[in-house]
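Asks: Residues annotated as domain 'P-type ATPase N-terminal' in TrEMBL: 43-107. As annotated by TrEMBL, transmembrane segment applies to 106-123, 302-323, 353-378, 920-937, 949-969, 999-1021, 1067-1086, 1106-1126. The active site, 4-aspartylphosphate intermediate feature in TrEMBL is assigned to ASP426. Per TrEMBL, Mg(2+) binding site is recorded for ASP426, THR428, ASP859, ASP863. The ATP binding site annotation in TrEMBL covers ASP426, LYS427, THR428, GLU541, PHE588, LYS611, ARG645, THR726, GLY727, ASP728, ARG833, LYS839, ASN862, ASP863. If you look up TrEMBL, you'll see 885-1135 marked as domain 'P-type ATPase C-terminal'.
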Amino acid sequence: MARGRRRELLLSRLYAFACGASRFEADVSQVGGPGFSRVAFANEPDSIEASNLNYGSNYVSTTKYNAATFFPKALFEQFRRVANMFFLFVGCLSFTSLAPYSAVSAIFPLIVVIGATMAKEAVEDWRRYQQDIEVNNRKVKLHQGGGTFKFTEWRNLRVGDIVKVEKDSFFPADLVLLSSSYDDGICYVETMNLDGETNLKLKQALEVTTGLQSDSSYQDFKAIIKCEDPNASLYTYVGTMEYEDRQYPLSPQQLLLRDSKLRNTDFIYGVVVFTGRDTKVMQNATDPPSKRSKIERLMDRLIYLLMSSLVSIAFIGSVVFGVKTNDDLQDGKMKRWYLRPDDSPIYFDPTRAAVAAILHFLTAMMLYSYFVPISLYVSIEIVKVLQTVFINQDIQMYHEESDKPAHARTSNLNEELGQVDTILSDKTGTLTCNSMEFIKCSIAGTSYGHGFTEVERAMARRKGSPLVETEGSREHHENAKPAIKGFNFDDARIMYGNWIKEPHADVIRMFFRLLAICHTAIPEVDEEKGNVSYEAESPDEAAFVIAARELGFEFYQRTQTSISIRELDPISSKHVEKSYKLLNVIEFNSSRKRMSVIVQDDKGKLLLLSKGADSVMFERLANNGREFEDKTKVQMLEYADAGLRTLVLAYRELDEDQYKSFNQMFMDAKNSVSADREERMEEAADSIERNFILLGATAVEDKLQNGVPECIDKLAQAGIKLWVLTGDKMETAINIGFACSLLRPGMKQIIISLEGPDIIQLEKGGNKEVIAKASKASVIDQINEGNKLVSSSTSESFALIIDGKSLAYALKDDIKNLFLQLAVGCASVICCRSSPKQKALVTKLVKEGTGKVTLAIGDGANDVGMLQESDIGIGISGAEGMQAVMASDIAISQFRFLERLLLVHGHWCYRRISTMICYFFYKNLTFGVTIFLYEAYTTFSGQPAYNDWYLSLYNVFFSSLPVIALGVFDQDVSARFCLKFPMLYQEGVQNVLFSWRRILGWMFAGVCNGISIFFLCSAALQHQAFRRGGEVVSFDVLGGTMYTCVVWVVNCHMALSITYFTVIQHVFIWGSIALWYIFLLVYGALPPSFTTNAYQVFVEVLAPAPSYWITTLFVVAATLVPYFSYSSIQMRFFPMYHNMVQWIRYDGQADDPEYCQIVRQRSVRPTTVGVSARVDAKVSQSQSSSATRVHHAVHSS
């Protein structure tokens, strides 16, 4: 009985490019050979044969470490950094007798720093582990034997298990589909987690297993599946299933991939073929390309510079020490008797001065190691993580409609956000909403629809003429219905059933009937309200079926073999239900640029309904089907000028013989496994998709996202260039450019295209070599002409617009530098009809050719290449799935949030990180110079100026917390001023805050401060009685006083550098100084065996002596006065741009438009793009015209 039912189903099977009956006459000889050795014993995972195969479990781990590998792997990661390796080397040396301090005090800072970093790694990995637990513990129904299915965790699944997956659940492993809740074994799958696509995919079981639709059916089910080995290809699958002594070929149509979701299907049964790491999604789980910021790379060079300097001064000191030691013996007496050379076997032995110098070099390396900031890396990591928290928590970048905040997926690139020179943006879904609205249409040569697009409004503004509503539009607004997503059509002539009164009512009916039938959308009926909504492959397709529904042709039901609509009967004026037998779906792809369906109506008439791009549809019209062609073309050009996306609709009637011939050809091609299978299928489709009768064209609007023109204007004022890389036609892209203020009137357009008559004539000839040669020459000529035009003008702004064909030649190795030269000289660049690969190549060209920071932003799977190629990838979490987000560094939900992300957070992060790194080198040089000078003062004897633990804790406790607070909280100006004065952003683009001049300036300040502290302290204390008994200071007193001055100076210097104080910064700065005194008390109270020369030094010696406090006050003031004076003079008389904005705020002139405009005019470069540039152009035009009138008036008088 079941077989009889399946035979009936076979007669009405749906055949499409993407889905069809799996009856391949396949050559499966490769199955079982190399690369095709996988065997799954369905329903017998415990059999001896299955156990011997020893396939992996379904447990998935995404962690970097486990309990056994954490310490070795994490330690290896830490010691890959040269600074940490250096401190490990120093720590090892500290266990020798050469060490100037104890080994424990040398190792302690390294342990703290590496421990903190490893703790951060452990926390991050623990979060991944928690996510793994959640996934692995998900439940699925597993066949336990005897036709019984019970819930079990995903991790327990094995190859060969039979599972039952229910609606809206994820597939737990890679499964071969056996049957579903549909009689013909189909199911709908959402693969958004795999490829980012939101459209549903159709899968179909083998005919032989479609009848197994109940739990009890699997009581005695046995089958053997042989297939390919695990691989990363999501779209291929080769295998066979041996069932009831017959072999059946398996294809991708039967494969259900882990992490995809079952939709619109109540349940499916499947057999597990790949588990855990063998599943295709895990085979694709590769780490994203590693990105490091330019500042971080420069910081590495600074570390190398410091280490080189350290080696140099250690070498110089050792040479001096060797010379001094060699001259130490004079007339049998030691000059430096106090060094006790008699108690040292080699170190101070004048007779072995060369060896002593070498040993001193190792001692000096340990002593001067404090020049290198050991806590720099870990401090920056902490700061960057906290900065990303602030980005993620910014309420101004939260999109309430989609409930999505900003999400920084990496913290490595925070400062690069403040250095972006060029933005490369997708258009659809990035600048626009990717939420299509049906707004106009052309039917039988008549244009319908009164609505205005944003592009039309922008064009009207350019021409200076306001748009006027028509009478029909006004009447519609007075009786407006609630807004319907995807439908913004307004024309009473064909709405509300009025189309039956139109001259070509039969054409209108076929037009909307085609919209209701020719698609792959799936209806979802709300049983309570009776409303129908649609799951569609694209927003365009959803807009079409919604438009058909609203205009009286409601698609409400779809099966594998039929499609049902309710349409208005013009005779009875009532809605009637009609069902069409669905014979074939020939789906859309980028090369065909059209989609067709073949259906049979209730009268037996065969219809081929098609919609597609004008470039392929008009040439396929029959001679008797071109009645409305000229009018339709004119109207489509008007739609394109209005920024609308157009499709041509046409149909033809087929007779039985035509259809049978096509179907046989199509099925032969589909069932073949030869290399030319796709070409044969396309050839079959091409043979039938001809001789159409034109119905008309649709026009849908992809609206600009809210705030896009304003955001582009701000970015342009900030000096950031914007390139748009889109797949749209040139006309549409240009008009969108005007609507979003990327282009403006008066801007000269340089258009590079291969649509000239000469190239078109050559293309008709078909000689590919001649076409390629001529096309390349044409592109070179056009680029050279553009470069001449740009170089000959200094006042005008240019826009470069290039199509996809031309771009293919412009990106060739011998032309790309010419193209880049032209593009960089233009204010705006728009690349039309560009492919995903071209987007990535353009991004690479800009990044490598300019050497500046590039940012790519997109929302679809076709944008992944450019996101990964750019310095910073921004993913828009929009309507095209999550693949762009998953490949991005930072995710935002709206393009307009880019303004705040760059101009506010980017500017702050760049400034904070730059100042933080400079300050680290400053404070370590200040400290290190005092150590060096004291050792020079003691004739390079290897004597440290400070106690062991003073040295160890300087970077860890007494100077590190304020710099972390600076990196997290400091602001030169508020967010409001960052947005009001966008040119502040150019400080990051030009890297003025982390240039070599500024870095060396901070280093010079550190050296000067160290010199000042040492000599002032020495001079103040050297010959003075320090105690009541008249004793002079010992070196522990000098060291304690100098250390106090260093702590005060570096922390007060921090206080002078900060421009935005918070309570936390006050606590950290003054708390660090207070902590030093607390440490002196606590540490000095410990036993002398531990504290050595620091025992009670503060309580008994330093604190009671007035000279200690006076010296500290005097030295700190004297050391900081030069920096304070320099900063004051620089800010008052030579202000940087942010200083000027600070003065505006201080003087209370922030709301004075004239004064603010003066400040803006002093910015780094003029604005050539955006709303502001448009206003400036109008002002300059009016000024020049006024000047001309005055000139003529003077001469006429």
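Using the three backbone atoms N, Cα and C, a Cβ is placed for every residue, glycine included.
Predicted automatically and left uncurated, TrEMBL annotations should be read as such.
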Asks: Given ASP426 (active site, 4-aspartylphosphate intermediate) and ASP863 (Mg(2+) binding site), what distance in Å do their CA atoms have, once rounded to a whole number?
Replies: 7
Asks: Please give the ATP site's span as the largest CA-CA distance among ASP426, LYS427, THR428, GLU541, PHE588, LYS611, ARG645, THR726, GLY727, ASP728, ARG833, LYS839, ASN862, ASP863, to the nearest whole angstrom.
Replies: 28
Asks: Is it true that the transmembrane segment (949-969) and the transmembrane segment (1106-1126) have 3 or more CB pairs under 8 Å, sequence gap of 6 or more?
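Replies: No, the transmembrane segment (949-969) does not contact the transmembrane segment (1106-1126).
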Asks: Using a 10 Å cut-off, grab the number of neighbouring Cβ atoms around the Cβ of ASP863 (Mg(2+) binding site), all chains included.
Replies: 33
Asks: For the domain 'P-type ATPase N-terminal' (43-107), provide the mean pLDDT of the predicted model.
Replies: 83
Asks: Including all protein chains displayed, how many Cβ atoms other than that of ARG833 (ATP binding site) lie within 10 Å of its Cβ?
Replies: 19
Asks: Taking only the binding-site residues PHE588, ARG645, GLY727, ARG833, which one has a CA atom nearest to the CA atom of ASP859 (Mg(2+) binding site)?
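Replies: For ASP859 (Mg(2+) binding site), the closest Cα among PHE588, ARG645, GLY727, ARG833 is found at GLY727.
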Asks: With every protein chain in view, what's the tally of Cβ atoms within 10 Å of the Cβ of the residue listed as 'active site, 4-aspartylphosphate intermediate', excluding that atom itself?
Replies: 29
Asks: For the domain 'P-type ATPase N-terminal' (43-107), how many residues does DSSP put in helix, in strand and in coil?
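Replies: Helix, strand and coil residues of the domain 'P-type ATPase N-terminal' (43-107) number 32 helix, 0 strand, 33 coil.
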Asks: If you measure from the C-alpha of THR428 (Mg(2+) binding site), which of the binding-site residues PHE588, ARG645, ARG833, ASN862 fall inside 10 Å?
Replies: none
Asks: If you compare CA-to-CA distances from ASP863 (Mg(2+) binding site) to each of the binding-site residues ARG645, GLY727, ARG833, which comes out shortest?
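Replies: The smallest Cα gap between ASP863 (Mg(2+) binding site) and any of the binding-site residues is with GLY727.
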Asks: Count the Cβ atoms, other than its own, that fall within 10 Å of the Cβ of GLY727 (ATP binding site), considering every protein chain shown.
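Replies: Here the count is 20.
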